[in-house]
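Taking it in order: structure first as structure tokens, then the write-up.
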Amino acid sequence: MNPAQGWPFWLRLISAALLGAVAAFGLAPFGIWPATMIALVLLSPLFLTTETRVKAAWLGWAFATGYFAHALSWIVEPFLVDVQRHGWMAPFALTFMAGGLALFWALAFWLVWRPDSDGVSQAVFLAISISLLEFARGYVLTGFPWAGLAQVWVNTQVAQLLSLFGPYGLGAVTLLATLPLGAALSRRDGYVVPIVLTVGTACFAMIYAVSRPAVTDTDNVVRLIQPNAPQHQKWDPDYAPLFFARQLEFSAAAPRPDLIVWPETSVPAWLGSAQPYLTAIADAAQGTSVFLGIQRGDGPRIYNSMIYLDEDGRQQGLYDKHHLAPFGEYVPFGEILAQFGIYGMAATTGNGFSAGPGAALMDAGKLGKALPLICYEAVFTQDVLSAPGRADFLLQITNDAWFGTRSGPYQHLAQAQMRAIEQGLPMMRSANTGVSAMIDPLGRVTEALPLGQAGFVDSTLPKALAPTVYARLGDAPVFVALLAFFALLWRNAREQQ
């Protein structure tokens, strides 16, 4: 008998929310993936007790709200950088973010609820429904896939499945390995198939991880610069020159690397008037090429950009960030909302940045081709998949001072590790306040600077692996398979009714 069967609905709602909060302990910086697995297993019995479709939706919403409220608790940090301008929004940010994202899960529960259905098959149906709605969460309204279930596997062998299935596919595998098991345990019947599915998945993941090719290094050394400029001081005229000088000092230090990477918006000037700064950078680099983040204007538009300076200090490449953070880098209907005191936080002028044309490759001299990602773009696997060709390495510059010092920067790093595994490419990551890191094609951090520390790290660039299955095929096979299974289960459910 299902132990939650006799509970009042309000108690089941609270239990679901608490389970969701527990599930978030699987994410960085905790990495307690068993907490996520247990929470998902226990979610099934609660779902199977719901008496109506509406109650099922409320239960899914409660679980997901608890999950996202814990996972995204860092979201209030950006609003506290400029308290006078944005502080009033902080109390609403987490509430609306968690509750809004939870609507995708509520819809998933609502779609699959059926009266008197078989518990295990219903749990399978639910797992597929959530997986499809997680796809939607990554795309709708520019998307926000942060805190996807696949992220709990970072730094474990299971994460290597990302190279086969991608983040949405691994999230689906996670749900299929837990929800049916929970349903079987609650009904005390039909254990065999769920247990075989769960154990079989774990065994396959272990065998596949061991079979991944070994990673070797190139002869190129990359220097990652981390000035550690607090966001409230970053653009202060009294402090900005000090942070710039700090980066020059780090760039000039011996021995000489083959490439230097400065973080996002690391030059305190607009590109059109930054030549004295670029000359100083080239002098400090002493014949080493440099990637750096800088803002630029083009008429009424402003861009969050990355440029490449070659060994002679000449600008040879430009990339404009194209996937912007809503309400951070731009505000939808900005001119209207500005009348109510709502502005983009990251832009230093106007209502926000403009989006660049899209993903691009940048020439990095003898190191090959780089796929540039500025901050938030590394969260989106589709931004990497849409690149016009195969890069030799991924390059992320970011300013995680916006994310505070709690979970945000570590979760951002974890998603960079995921992109490396998915593509079989190394990732070099320069972050203003950390964590700056070199990540190999298996998602392992080989060198890093801790959060909140100024300095630099020299790291050998790992060689790229052959394109992974996921790099070649993308999300389409997983999405089509999930959609086909969903349609089949939907038809069977209708026939049974």
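Any Cβ shown, glycine's included, is placed from N, Cα and C.
The domain 'CN hydrolase' annotation in TrEMBL covers 225-463.
According to TrEMBL, the transmembrane segment annotation covers 9-26 (among others). Counting only same-chain residues 6+ beyond the ends of the transmembrane segment (9-26), those with a CB under 8 A from a CB of the stretch are 32-40, 42-43, 46, 49-50, 55, 58-60, 62-71, 147, 151-152.
Nonlocal intrachain contacts for the transmembrane segment (32-49), taken as residues 6+ away from its ends with a CB within less than 8 angstroms of a stretch CB, comprise 2-5, 7, 12, 15-16, 19-20, 22-26, 56, 59-60, 63, 109, 119, 122-123, 126, 149, 152-153, 156, 158, 174-175, 177-183, 185-187. Under the heading transmembrane segment, TrEMBL lists 32-49 (among others).
The transmembrane segment annotation in TrEMBL covers 56-76 (among others). For the transmembrane segment (56-76), the list of distant contacts is 12-14, 16-21, 23-25, 27, 43, 46-47, 50, 90, 93-94, 97-99, 101-110, 112-113, 130, 146-147, 403-404, 406-408, 411: same-chain residues at least six beyond its ends, Cβ to Cβ under 8 Å.
Residues annotated as transmembrane segment in TrEMBL: 88-112 (among others).
What TrEMBL records for 124-146 (among others) is transmembrane segment.
According to TrEMBL, the feature transmembrane segment maps to 158-179 (among others). Counting residues 6+ beyond its ends, the transmembrane segment (158-179) has Cβ neighbours under 8 Å at 33, 36-37, 40-41, 43-44, 123-124, 126-128, 130-131, 134-135, 138, 145, 148-152, 197-198, 201-202, 205, 208-209, 212, 381, 417-418, 421-422, 424, 442-443, 468-471, 474-475, 478-479, 482 in the same chain.
Within the chain carrying the transmembrane segment (191-210), a Cβ under 8 angstroms from the stretch's Cβ atoms is held by residues 120, 157-158, 160-161, 164, 173, 176-178, 180-181, 183-185, all 6 or more beyond its ends. The transmembrane segment annotation in TrEMBL covers 191-210 (among others).
Sequence-remote contacts of a segment are chain residues at least 6 beyond its ends whose Cβ falls under 8 Å from one of its Cβ atoms, and for the transmembrane segment (469-490) they are 112, 121, 124-125, 128-129, 131-132, 135, 162-166, 168-169, 172, 381-382, 385, 390, 422-424. The annotation transmembrane segment is assigned in TrEMBL to 469-490 (among others).
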